[in-house]
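Below is one structure, written out as structure tokens; comments come after it.
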């Protein structure tokens, strides 16, 4: 009978605090830092592409015409109304403030060169920064959905090298800010799902804070919702005028092309128009009688006479017979009746505005009566007009909440009467496959131009991924109904997440435009586009997983699939480089180069020499 021997191994004892302190080479504090190299590189490339030559072109690009003007009004501390929420324009004004912009630049037309006093880089800073930050937020969103960092890296790659997202992030536009805040809110929601079993922890409170702030910021930029408008001045002063209007104090004939002042007969105040929204028609410019309340706004009281039914340019304005358009000299807008009645404070008279629709019938005026001196028989009528004075003689004081409530009502109820068609407008059916482009800027000296043009390889692949998801979803549901489970429960939950979050987000930001009765452009597709890119990346990973689960030589199939993906990514990069000049506007293309770049007849590339579209 053998003897069994046993040996016992005793682990070394833990050193006490004294011995740890005695040995300086052993530290009781150990910190592990995980560096996500892929995320850092993608973010760096996003910043580089968005900020490269940010000050170029040094001229107004597309909707910078409007948003730059709003920023200038903020810098001038001038009251204005816009039916969109104000936060995006205030963020642009923040960039203008950082660049010490004085607001003294008139944004008059697309392509107009900026003056040296306009801090172009600073005013484009915040959109470029927000456009860059979309990459890490989308990256982390894919990770929170349970997918690998490879899928998240692919998402970032697709966002970085898409031309439409690049262009929309480089100028004074609102979409990058809107998308960033909305995506940040979505990321917070997904993170909170993982923290549902850790309520009231530090991360739990942080995610709730991010969610609340992000949703509010997103709504304050892109939706009709209660927002807080900063009323820098006390508000506009409204006044109306009666039929007692004089053109000059001396009886002399007025000819076509003469510049005059229109003076209110009872108060002797001149008719004025300035860059402030009309009270009932915010898309038009306000018309008032100018009263100097010691405000900084100067008088703009000159009007040019345009006799519409003249036979020669020397025709004289004749009462009753002459049809006259009055063009405001400073703004080049026409005096017009909007067709809306003012409320009680305006004595229910028709609103008079200035507008750029010169062909509108409401811009034609005629004089039914004229007189040079007071007529004895009308003294009582003049007395009645004077006693019912409609012009405030002192500034109107409104409380903050009164202003706030009125602003919300105006933003919710105001409807801008715009034509449904525009030279570069498009319909939602054209967006997924890039049926139309939008010309943002064309050089006045060459064929250099900027277009909102996406990377068609990514866009077409995204459509294919969406169709593939719908097909697989139907297939899985039918099979699961028959108790056939082709994928495990964890993979099925991730696949459901693609549909519930990504396909659902895409539909929410795309399908609603089919119900919109307004002028639409390709940039309205930008929020849906980000969801489509995330859906595409996650579907690539799902297909790779399906190939790996196949019986047989699945390793070879996966290798082939990886090679195809690398070729696809290389093609995306090639297309990005090929069309980069249409994103930056830094190359004067020849006619032949533009024709080669134009893959569809509906892409609106422009030839400068003939001022026409590329055939």
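Every residue, even glycine, has its Cβ placed from backbone N, Cα and C.
Annotated range for transmembrane segment in TrEMBL, selecting from 435-456, 457-478: 457-478. Looking at 113-132, 173-192, 233-252, the range tied to transmembrane segment in TrEMBL is 173-192. Range annotated as transmembrane segment by TrEMBL, chosen from 89-111, 204-226, 273-295: 204-226.
Sequence-distant contacts of the transmembrane segment (498-516), counting only residues of its own chain at least 6 positions beyond either end whose CB sits under 8 Å from a CB of the stretch, comprise 145, 186, 190, 428, 431, 466, 469-470, 473, 524-525, 527-528, 531-532, 534-535, 538-539, 542. Listed stretches 33-52, 457-478, 559-579 were compared with the transmembrane segment (147-167); the greatest number of C-beta pairs under 8 angstroms is found for 33-52. Among residues of the same chain six or more beyond the transmembrane segment (457-478), those with a C-beta under 8 A of the stretch's C-beta atoms are 158, 161-162, 432-434, 486-487, 492, 495, 498-499, 503, 506, 529, 532-533, 535-536, 539-540, 542-543, 568, 571-572, 575.
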